[in-house]
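Reviewing the structure listed below.
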Ligand SMILES: *Cc1c(COP(=O)(O)O)cnc(C)c1O
């Protein structure tokens, strides 16, 4: 089938979409086109049911809910870790559901950043998400280093992407640890994780990835590539709700490494309730948990991951690439001459799950889109992120969204808004 900018073509694509039926699993507001699943995924009926199930176990069992009920709380973090493992290509015991992205960065950097001799620096990139940088700077300060001299941030050549060869070039003898995103949150660039890991290891550098913008959208093979550690949230493409419990991965070669930030839930499960003051930490990724798991906030993940198991990461990636490609084709054919630029890399192996649409007036175009019941995502100064999500966005919605955007640009209705962001952009 060759691309056509017609609604009939969009409908045809929907008919051929093997994942189309999953849309019914989600709460979708009629008439609203949701393009922000890369910031906060939509609620599914199964996620809702899992929350209710865990509330029920609390009502029914009280304290015994730790070991009774459909999902005993005591083992839940490990079980959900095992269920997330296929999404990133890891072994079940290498993954645990715990903490938040920021907390997990602190945990794993404090575990694996071991400055020694000349090797004292941490490397990241200048387009990185702020919280990752704040965490790295504070970790350096805790070790008595000045972030201005000890945090290396790889520069972008074009303001959108980071060149892998620039990262590799900077892997000097003084670098102890690298933390990079899998997919850059603004431009959607997918880094070559395998290559970067190999190059870091050749130089004796520990390398970890923040997979917030790829988990549930791009499959990985972290174990096979030997990635040392990774973190991610579960509320973006994993659809587990605002503030849902995050995930972390530690390669099995590091099992036994003493957690930087220890807490009793990192204990061996059979020893935890011995209440001994000498901690015997788990010999799995479970060792990097701290306190009591946030059971009610991890609950939606139970339902959500069932959907991922049924849909399969390969099919999800295939649709994600197809529907984002379709969106880019529509942008090129329908929005020509309005001053838009596509800011994400075009090649499939270099892009994640969203399209980065740039425009000088992006802030107020987003407001006009919201008025037209399209939910985009604005990132200052000029980026409109649009994420048609494999599990719940239809091709027809993408088509309709572009029509609404075209109307906004033709009639210049965006001009009635101020070109500045809201409190939560
Ligand atoms: C979403 C996101 C975060 C969010 O971290 P929280 O601790 O959940 O607030 C961090 N880093 C990146 C790269 C993200 O995309």
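The backbone N, Cα and C atoms fix where each Cβ goes, and this holds for glycine too.
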Listed in TrEMBL for the pyridoxal 5'-phosphate site shared with 101, 102, 129, 130, 131, 132, 210, 213, 235, 292, one of 225, 264: 264
Under 8 Å by Cβ from residue 292 (pyridoxal 5'-phosphate binding site), same chain, sequence gap 6 or more: 265
Filtered binding-site residues, from 101, 129, 210, 292, whose Cβ is under 6 Å from an atom of ligand 1: 101, 129, 210
Residue 236 (N6-(pyridoxal phosphate)lysine) and residue 210 (pyridoxal 5'-phosphate binding site), distance between Cα atoms, whole Å: 13
Same-chain residues at least 6 apart in sequence whose Cβ lies under 8 Å from residue 236 (N6-(pyridoxal phosphate)lysine): 37, 38, 39, 40, 41, 212, 213, 215, 216
